[in-house]
Amino acid sequence: MREKFGNVVVSRWRRSGMASRTSLFCLAWLGVGTAVLVLLLTSHTQPQVRREKGRADGSSSVVEMAAPATSVVVLDRGNNTTCTVNLHGATVVSWRVNNQEQLFVSKQAIFDGKRAIRGGIPIVFPQFGPWSTGPQHGFARICRWELKKPPERLPTGDVEAMFQLLDNEFTRSMWNYPFSLTYRLILREKELHFNISVYNPGAETLSFTFLLHTYFKVPDVRRCQITGMRGCTYIDKTREGTLYQEHRDVVTINEWTDRIYQNTPLEHIITNVVSGRKMRMQKYNLVDTVVWNPWIEKAKEIPDFGEEEFPNLVCVEAGHVSSPVILPPGTVFEASQILQVM
Ligand code: BG6
């Protein structure tokens, strides 16, 4: 891991350079094939449930039929510490540390292999927010990803897996560019590491936004504090995108909250997550942090979300969203996130 990350977000694509970047990854590759592999790549059938839910403004009613769902990959570190990734969006849908779930997934989440999974850690790419040529938050969270490298145990005892999304007819219909988006996931005793890279193999420069839409599970969002925002400017999406500056040492949530904090530090701590513990989020090359909770009224407008569920999540989302990543041909954007139960 680099010690310092500036605002430079691209580097030349060099295999050897990438491989030598961290000693951790070198150890990982040395350990390949030497230990127990835990892979559950199963066809996971959801019950056929019919859902109907009206929008708060009464404009429409959503009728959904949950279809047989998608494949999941389980990283199992032992000691009831696991991470489950649904290949639909390569969405992390569960992260259990000593059998304690750390992520929120709505009871009304729909696993139809079409829409984004409501909870866990969906990946937002190549567009954060509304999009004129495709769905809100882009296509990465609604595409089926490839399992590039099945879970493998490293010499450290940690488990890693790798996922990839390449451009295809579907992505080209919205964003007509070639790309390779990969992320390497490493499950440690109390940590979950994401190492992301976006490679531009084409002849044109890419411009995109990227975000990890992490839904943390919490007993009561009103009791959570989020550190690291003091002095940062933020775009308040609940107030027509007005720009403010944060003066508080810690951010608390007592109403509908939808803010893009800009140029945030490398670390945030969220208090009072599961079991009253703290969660540390470290991020690299993800210069912004979105804080979101729909609260009750907005929750009613979300078809795959129970209105009574809003106290049980806080989204703290590391991203590169207030300005796009500009990626010239032949270059790669790299970013990481480390979540740690303290
Ligand atoms: C957040 C956005 O990241 O995601 C919010 O800042 C948005 O504006 C929320 O409402 C949920 O988005 P979606 O598309 O998953 O309902």
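One is the number of the first residue shown, and numbering goes on along the chain from there.
Glycine residues also receive a Cβ, built from the backbone N, Cα and C atoms like all the rest.
What TrEMBL says about this one:
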BINDING   Arg118, Gln136, Arg141  substrate binding site
ACT_SITE  His213  active site
ACT_SITE  Glu317  active site
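The Cβ of Gln136 (substrate binding site) lies under 8 Å from the Cβ of Gly129, Pro130, each on the same chain and at least six residues away in sequence. Here the Cα atom of Arg141 (substrate binding site) is found 10 Å from that of His213 (active site). The number of other CB atoms found within 10 A of the CB of Arg118 (substrate binding site), across every protein chain shown, is 23. Counted over all residue pairs in Arg118, Gln136, Arg141, the record's binders of substrate, the longest Cα to Cα distance measures 13 angstrom. Contact annotation for binding-site residues (Arg118, Gln136, Arg141) versus ligand 1: Gln136, each with CB under 6 Å from a ligand atom. Distance from the CA of His213 (active site) to the CA of Arg118 (substrate binding site) is 10 Å. Recorded residues Glu317 (active site) and His213 (active site) have their alpha carbons 5 Å apart, per Cα-Cα distance. Neighbours of the substrate site: apart from Arg118, Gln136, Arg141, residues of the same chain with C-beta atoms within 8 angstroms of the site's C-beta centroid are Arg115, Ala116, Ile117, Pro122, Val124, Pro135, His137, Ile142, His213.
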